[in-house]
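According to TrEMBL, the protein has these features:
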type     : residues : note
DOMAIN   : 21-107   : domain 'Pyrroline-5-carboxylate reductase catalytic N-terminal'
TRANSMEM : 204-229  : transmembrane segment
TRANSMEM : 249-271  : transmembrane segment
DOMAIN   : 249-394  : domain 'Ferric oxidoreductase'
TRANSMEM : 292-313  : transmembrane segment
TRANSMEM : 348-367  : transmembrane segment
TRANSMEM : 388-407  : transmembrane segment
TRANSMEM : 419-442  : transmembrane segment
Amino acid sequence: MNKNSSNIMALTPNTSNKRETVCIFGTGDFGRALGHKMIQSGYPVVYGSRSTQISNLIPKDAEVLGHAEAAQKAAVIIIAIQRQHYNFLTSLSQVLHGKVLVDISNNLKLKQYPESNAEYLAQLLPGSKVVKGFNTVSAWALQSGTLDASRQVFICGDDVEAKQMVMNIVHGLGLTPVDKGSLLAAQEIENYPLQLFPMWKFPIFLSLGLGLFFFFYSLALDVIHTYVYDNNNFSFFIAITIPNRVFPVLALTLFGLVYLPGIFAAIIQLYRGTKYRRFPDWLDRWMLARKQLGLIALALASLHAVFTLVTPLRPYSSWRTSNRIISQVLNNETVSLNHTNAWLIDSYLAMGMLGLFLFVLLGITSLPSVSNSVNWREFRFIQSKVGYLALILCTAHTMIFGGKWFLNPSAYKWYLPDIYMLSLVVPCAVLVVKFVLIFPCVDKHLTRIRQGWERNPRYSE
């Protein structure tokens, strides 16, 4: 019910021209920035401060009074002070009784206190209605007006009417209120500003780990092996050649890892015969990281395209081309066009360009501003059907590039396969199993399970 109320607020703004007075305890950076934004939005603002002397930093249209006097002028009081200074509020318990107190504080580290700041404030003032909010919006964004990246304001509290009052104010400031439930959610909300890209940690660490492995693998085969056996120093490959081999290999591997958890999920549901049992935690975390894995793969694929475009500008490429031309001239040789090879190269390039185009389309539709403009069926069609087509094209691009080397013994230096062969392991496994899952006899059974059918109904509780 609370979630629906926040959605209604987003669609039905307060049309009244008269705004209620808002009191702000605290004249620090955030208190001043929030007061300035409220005054711009038409809210009368009164500051409660130990010093009632007007400062040049205070918004000029705001009133500054003592804490008790300021609190009497407003039903909503924003507590813009740190937790360690909350104790003085107990002396104002009678004045603050029945008032809505908005706690906007954050901590310096995770789990700094056993309870959230908002819950601590509610314990100090049991007669007040405490609501958590505004802590995920920066003072700089409020003051400069650059709120595109932090427009959502998470709200939680035990009193429904108090939350609604705060959400009205949030919406009146041009922001989007998001109801997170009761005050128990305050600790989670307070942890948001302390987490640096929480959804990106696993994808980034996985990408770095795989990238380092592929880099040293390619370094061993393309530089060290050549130096040991042929006494050729190709150490300059580290700058462009090796990265341009690692980027596509890592991109295709990560692209396959985007769709692999969906394969595992389908197999688990078929094995269990129900959709009502939770997936293992590792699979849940993996599925939540698919968007981030896909965006990293797209960035690497784009780098591969850029590195490939600059390849003809390298001295090594010019040297090889010049040597080939001079050798043909000295030996009076004429090399005719190999139509088979021309077909392979053109097909390889076409597959790569089409695959990258669809890959970019997947990345664009994953943006919230784009995904919100399509319905769920359209979004699923692009991310699933078009996504698998992009994976097929990118896999075919790699297979055409190195297909002739599969059975060539010279391609296995130190008895190890070339790096591009490693890139085919995950996507080929995904595509083969997916091909089995779309068989009518398997797909029909899986569809029934996902529509609610159970082999053993005891798991439906």
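Each residue, glycine too, has its Cβ placed from N, Cα and C.
Sequence-distant neighbours of the transmembrane segment (388-407) (same chain, 6+ residues past either end, Cβ-Cβ under 8 Å): 248, 251-252, 255-256, 259, 301, 344, 347-348, 351-352, 354-356, 358-359, 361-362, 418, 420-421, 423-424, 427-428, 430-431, 434. Residues of the domain 'Pyrroline-5-carboxylate reductase catalytic N-terminal' (21-107) grouped by DSSP class, helix first, strand second and coil last, total 31 helix, 19 strand, 37 coil. Using a Cβ-Cβ cut-off under 8 Å and counting only residues 6 or more beyond its ends in the same chain, the transmembrane segment (292-313) has close neighbours at 199-200, 202-204, 206-207, 240, 243-244, 247-248, 250-252, 254-255, 257-258, 352, 356, 359-360, 362-363, 366, 394. If you average pLDDT over the domain 'Ferric oxidoreductase' (249-394) in this model, you get 90. Residues of the domain 'Ferric oxidoreductase' (249-394) grouped by DSSP class, helix first, strand second and coil last, total 122 helix, 0 strand, 24 coil.
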